[in-house]
Every structure is written in structure tokens, then in C-alpha cells.
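**Q** Okay, these came from TrEMBL:
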type	residues	note
ACT_SITE	Lys80	active site, charge relay system
ACT_SITE	Ser155	active site, charge relay system
ACT_SITE	Ser179	active site, acyl-ester intermediate
BINDING	Leu129, Ser155, Val176, Gly177, Gly178, Ser179	substrate binding site
DOMAIN	34-500	domain 'Amidase'
Amino acid sequence: NPSVKAASILSLPLPELSRKLQDGSLPLDHVFYAYVGKALQIAIETNCITEFLQESESQLRRAKLMERQGLLYGVPVSIKDSIDCQGHDSTLGFIKNLNKPAAEDSVVVQVLKRQGAIPFVKTNVPQSLISYDCKNLIFGQTRNPLMFTRTPGGSSGGEGALVGGGGSILGIGTDVGGSLRFPAAFCGICAIKPTGKRLSKRGVMAGVVGQKAVAAAVGPLAKDVESLALCLRALLSEDMFSLDGTVPPLPFNEEVYSSTKPLRIGYYETDFFTMPSPAMRRAVRETKQLLEEAGHTLVPFELTNVEYVMFNYCVRGMFSDGGSSFARKFNGEMEKGSSGLFLWLAKAPHWLKTLLSWISKPFVPRLSSIIRSMKENTVDEVWSLHHEIEDFCHQFIAQWKQLNLDVMLCPMLGPALGIGYPAKLSVAVSYTMLYNALDFPAGVVPVTLVTDEDEEQLKGYKGYYQDWWDRTLAKAFRGGVGMPVAVQCVALPWQEELCLRFMKEVETL
């Protein structure tokens, strides 16, 4: 339609777009087709879309006749492959899941529709979701919209690429180790991973089904924080609480989100496990300084034992059965690339794991720890692991309360790694996965771009272990000048609104 000014529609931030849709100053189909056109362009460039949801067009026609206009009336929304949409596959990148359409919409999609949103595409994921790259045998490799040789992150990588490229104004993804935060950080946008049970996970497929040690969450990705807040306002509605009785009926707390009182903010520059790139360190330092100048109090927070958390809680927690259920998913599947090491270990007999762990300990202590963590546990051992994780969480909160903190400022891995690197660097998820083990809400906000000086300083990057992983990470960071780098904003469980309020502050400054 030549009268549609697509560029001016695509430049509107979500809150403004949604106002114009509600007051009728923008026709629904103009907005819908402007985004369909842009999404097609981004899909051709980055290969981020797996399916166009044909029924979105009839939904568009119905929306025009709707009496009640929800908070997301007429807003086109993109949905991650692993989130059920009625009549469409949720493949998780596995060929065996093709032609098995979902019988009904996931609760999140049902609520979005009741709020007037129009889910219009599904987006790509890595095979099995347990990866922060974005590639599988069905749909291939998704690329970063800002630099095609880089990964968009994962596992919500298609969402990161589409929203980051401007082909979707709001995306819904999931996160079990950073799967919302990696794509947002790598593609220069915002995302929030809520507390695991704040939004419904009914009809959302998991990479490892049934494990409770590392909390997964559903959450939104968008260009700015205000859009994330609008999405949570819409989702945290009576609709969600009635459709899924296990979600606590906590509506969005406007008072906390709009408060302006100065915050007491903990911060750290490193977790002493994954050495931050120079740009990551600078991102935290500059943000800290701006926050102090704006009247907030910043308090150093000492992280300890991240190595123990990574191997004993995260790896062991996700693969408590020795990885056998994870390995079963790959039966008859070809592509194994992104999860190669875990898959190989999952299939190795116990005596071989023990031997390899012992042999590799003096040379590659981290590999030794991963192998040791991939053993099959008895029920008794799983229970005591869950108990230990609970204790750790309470200790972490006690340290937080002792410093009287409101929120925490943390590094976020960046810049985006080259395509293929995440598969070799599973250990680099430490900055994000910590907050899945703790089940704290955590969001990312882009704050700076990699400079030539950062690139120069990278030449001295050694890492804390100086092992093969550290050397590989140094290579993976290289060549990222001009790419975005984000920080992570964290709050205590159920404090999503405070987390968003802090993110908004960081974004504004």
C-alpha cells in the first residue's frame, strides 16, 4: 500500500505505537504490514524466522471489530520457536519435532492475544535450546543483524536478531542460563528474565524437562525498557492468573516502577571465573560512575565461589541424571555441534568419566570439574543438591541484606562472539547462569560500544585459568569494534518492577 509510511511507523517506540493504535490515529493493517515487510527483510539478512503465523491475518481482521482493547491492541509480536502456538510446531531445532503442531496456544500467547497483541512469526533457536548460539539442521544458522559474522546469541537468538534488526517491536523468549540476556546484549536491545514463576510456563517447551535446580523463565525482549514494562503490565493480568493457577497473582506494581527515590546499588566488575573483556569492565565502571553522579549509592559486592556454583549447581543440577535424558533427545538427530561436549559426556560410562576427570585435573581443572559434575546422581544426592542450592540462595540474600542493597549492577558477556564460538565456550555463561541458579530477576541494558582502545587492551587478555577456554574466549571477543556491550541489572526474587526501574535509570543515564 503506497500510502503507508512504513519508516515512520517502524521508528515509533512501543508505548507510542500502542497509544496511536488505541486512539485510531494509526490503522491496524498499516502497522501490521509495516512490520511484516521489515521482518521479511531482516529474515533474509539474518535467517531469524522459522514460520509466518498465517492466522495472524484473520486475527488482524477480528481485532478491528473488537470491543475491548487490551494494552497491546494491534501490536505485532514475535514468538520463540519453543513457545507453543496452536497449529504450529515447537521444534527446539529437532527434526523429530517437525509436523507435530501444538494442540493449543501456550498461556503466554493466550494472554497476549486477549490483550489484543497479534503474534505473527515464530523465531529460530539452537538445537535443544542448551546453547547461546542459534543454529540447527532444520532452519540453519541465524546471524547477528549488526554484524553478520557474529552470533545473535541464544537460545532466543531468532528473537534477538529480529527485534535487534527492527523487524519486531516486541518478542517473547525463554531463559535458563542467559537465553534472553545473551541475544539482547549481543544485538543491542533490552530484555528481562523474571523470577521463574512470575510468568506462566504452561505450553513452553524446555531444553531439559523436569529439572528444578536451575530455574527457567519466560520474558520479553524489546528496544527499550518502557516497552518491557508495558509487556509485563499486559501479561501480569487476571487472564494469566486464571489460565494458570500456579502463577502468583501479583499484578504489575506501578508504584515501585515509577518511584524516583535514590537506590542503594551493589556492583562487581568480575566473577573471578570468566575474566571480563575490557569493554565489559568499562561498561560497569562507566555505568557505576553515572549512577553515583545521579545521586545513587554504589557499594562493592564481593562474589565468591562462582566456580563451585557453575559446576556443582548449574552443570550438575541440569544434568543430575548424568545427562541421559538430554542425550535421548538427540537419538536419530544429526546436528550435534553446539552441545557436543555435554552430549559426549552424557553417553560416556561412569568409569570413563571418573578416569578422565582424574587425568585432566592437573592440566585442565575446569574440564575435570565439568566431567565430574556430569555423573548420575541418586535421588538422595539430588535432594541434598536442591537443599544446598536453597542454602546458597539464602546466604546470597543475607549478604545482600547486610549491605542493605536495593538492586545490583553486574557485567554481561560481550561483545557478541563470532559464529561457532559459543559451542566451544560453554563455561562463559557464568555471569548470567548465576541468576538462574538463584532465581533472581535479571535484565540487560546496552550501555556502550566496543572502542579501538578496548580492542587494543584485549591483546593482554589472559583469563583466570589460562586454559584452552580462556585462550578461545580471547579470540572470540576479537574484532568487535562498534558492537554493543550491555550491563546486567539484578533484583531480589519477585521484584521485577524494581529491576525494571533500575534498568530504566541505567538506560536514561
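Placed from the backbone N, Cα and C atoms, the Cβ positions cover glycine too.
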**Q** An 8 Å radius from the center of the Leu129, Ser155, Val176, Gly177, Gly178, Ser179 Cβ atoms defines the neighbourhood of the substrate site; name the other residues of that chain inside it, in order.
**A** Ile130, Ser131, Tyr132, Gly154, Ser156, Thr174, Asp175, Leu180, Phe182, Gly207, Ala216
**Q** How far is it from Gly177 (substrate binding site) to Ser155 (active site, charge relay system), counting Cα to Cα, in Å?
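**A** It is 9 Å, counting Cα to Cα.
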**Q** Quick check for you: of the recorded positions Leu129, Ser155, Val176, Gly178, which have their Cα within 10 Å of the Cα of Lys80 (active site, charge relay system)?
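**A** So far as Cα distances go, the recorded positions lying within 10 Å of Lys80 (active site, charge relay system) are Ser155.
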**Q** Rounded to a whole number, how many Å is the Cα of Leu129 (substrate binding site) away from the Cα of the residue listed as 'active site, acyl-ester intermediate'?
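**A** About 8 Å separates the two Cα atoms.
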**Q** Rounded to the nearest Å, what's the C-alpha distance separating Ser179 (active site, acyl-ester intermediate) and Ser155 (active site, charge relay system)? Just drop the number here, would you?
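**A** Cα to Cα, Ser179 (active site, acyl-ester intermediate) and Ser155 (active site, charge relay system) are separated by 5 Å.
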**Q** Measure the Cβ-based neighbour count of Gly177 (substrate binding site), defined as the other Cβ atoms within 10 Å of its Cβ.
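**A** Taking every protein chain into account, the count is 27.
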**Q** Over all shown protein chains, what is the count of other CB atoms within 10 A of the CB belonging to Gly178 (substrate binding site)?
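**A** Result for Gly178 (substrate binding site): 31 other Cβ atoms within 10 Å.
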**Q** Out of Leu129, Val176, which of the binding-site residues has the smallest number of neighbouring Cβ atoms within 10 Å?
**A** Val176
**Q** Using a 10 Å radius around its CB, how many other CB atoms surround Lys80 (active site, charge relay system)?
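**A** A count of 28.
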